[in-house]
Amino acid sequence: MQKRLTLLGSTGSIGDSTLDVVARHPERFSVYALTAHRNGDKLVEQCLRFAPEVAVVGDAATAAHVEAKLRAAGSKTTVLYGPQALVDVSASDGCDTVVAAIVGAAGLAPSLAAARAGKRILLANKESLVMSGGIFMDAVRDHGAILLPVDSEHNAIFQCMPRDENEHGGISKIILTASGGPFRTREPATLADVTPDEACKHPNWVMGRKISVDSATMMNKGLEVIEAHWIFGLPGERIDVLIHPQSVIHSLVSYRDGSVLAQLGNPDMRTPIAHALAFPERVDAGVDQLDLAQIAQLSFEKPDYARFPCLALALKALEEGGIASAALNAANEVAVEAFLERRIGFMAIAATVDAVLNALPNRSPNGLDDVLAADADARRLAAGFIAKAPAPRVERIV
């Protein structure tokens, strides 16, 4: 039976990759809704190609622009805007599958709506679990939703996991791999001089600017550890991080008998997306087959927490529980935005997050409102710290 998709964040890198896979299998997948924030022109192009029933954008002005262009082209796609519209298309009877690819906290409400509507959720928005892991997973279980991870690391672990629920099938630990980003071998003393363009030059993956910076700080890997904790139900001490510069092994599962299962593939997000879209079947993702002889060498090393303090901060937040992870995520989003706008230096990202975690009293959230309040408090504190931070030492355009 053909799957009907709502694609949240269709104009981003995950959205592009998802639509590439969808286009290869029109007999399997059709598009009910596409959403974007302000990239209206790209959304129009996608709507004209995939003919969704609904398109959602962030504001009225973008909606008017998109609707005018669609009507001029003869499209009948309905154009909506605003946060509630995102929630509505995620819970709509018009779709059975929701690809949650909105970056950041903005993706929480529609992802949670999809869970409460019992949808099949392909989760690329790790912030939903980082901010409200217990609430989100309860919604998945209580409403019969199906959660399939799209992040390459979590999808790799999912593929290496046993399909039964018996004590996780004898699992000892799971191991998330990380490329180490563009600054893995750079002298730590020079990191204060990093520019946004340098931070966004990932050695292996094609990603958006925010997640590229998160990869450079390794905050992305820290968020993925928190995400893995909630998806797979393992404590932080049974989730390891391993630097693997080639990005060929996407993650590993270590079993009690000494066996280690790994998922390998070329670094292309279409592979985990195609796996999740078609699961439990397999379909062509348009990705070249892996040639290990050509790669010749795979290397590994432990992460340097002094070089990557954001990773240490994320692990600490997971250990502390409560609202710490939500505060971590919010402070990081504000700090990364400030860095990309050249208002703070690269190392000030970790300093801002650390300051917020120290300033905000931890507490156990009683519900989503508490999580959102913690998010708002952390953003306010982060903005205050950034306003007092010194300007970047170097302003280079690379």
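Cβ from N, Cα, C; glycine included.
Feature annotation from Swiss-Prot assigns NADPH binding site to Thr11, Gly12, Ser13, Ile14, Arg38, Asn39, Asn125, Glu127, Gly208. In sequence order, Gly12, Ser13, Val103 are the residues of the chain that are 6 or more apart from Gly208 (NADPH binding site) and have a CB within less than 8 Å of its CB.
For Glu153 (1-deoxy-D-xylulose 5-phosphate binding site), the number of other Cβ atoms no farther than 10 Å from its own Cβ, over all displayed protein chains, is 27. Taken residue by residue with DSSP, Glu153 (1-deoxy-D-xylulose 5-phosphate binding site) is part of a helix. Positions annotated as 1-deoxy-D-xylulose 5-phosphate binding site by Swiss-Prot: Lys126, Ser152, Glu153, Ser179, His202, Ser215, Asn220, Lys221, Glu224.
The annotation Mn(2+) binding site is assigned in Swiss-Prot to Asp151, Glu153, Glu224 on the grounds of sequence analysis.
His202 (1-deoxy-D-xylulose 5-phosphate binding site) is 20 Å away from Thr11 (NADPH binding site) when you measure Cα to Cα. Put simply, Asp151 (Mn(2+) binding site) is 8 Å from Asn125 (NADPH binding site) when counted between their Cα atoms.
If you take the Cα of His202 (1-deoxy-D-xylulose 5-phosphate binding site) and the Cα of Arg38 (NADPH binding site), they are about 25 angstrom apart, rounded to a whole number. Taken over all pairs of the listed 1-deoxy-D-xylulose 5-phosphate-binding residues (Lys126, Ser152, Glu153, Ser179, His202, Ser215, Asn220, Lys221, Glu224), the Cα spread reaches a maximum of 19 Å, rounded to the nearest whole number. Contacts of Asp151 (Mn(2+) binding site) defined by a Cβ separation under 8 A and a same-chain sequence distance of 6+ are given as Leu123, Ala124, Lys126, Glu224, Glu227, Pro272, in order along the sequence.
Neighbour density at the Cβ, taken as the number of other Cβ atoms within 10 Å, is lowest among the binding-site residues Thr11, Ser13, Asn125, Asn220 for Ser13. Taking CA atoms as the reference points, Arg38 (NADPH binding site) and Asn220 (1-deoxy-D-xylulose 5-phosphate binding site) are 24 Å apart.
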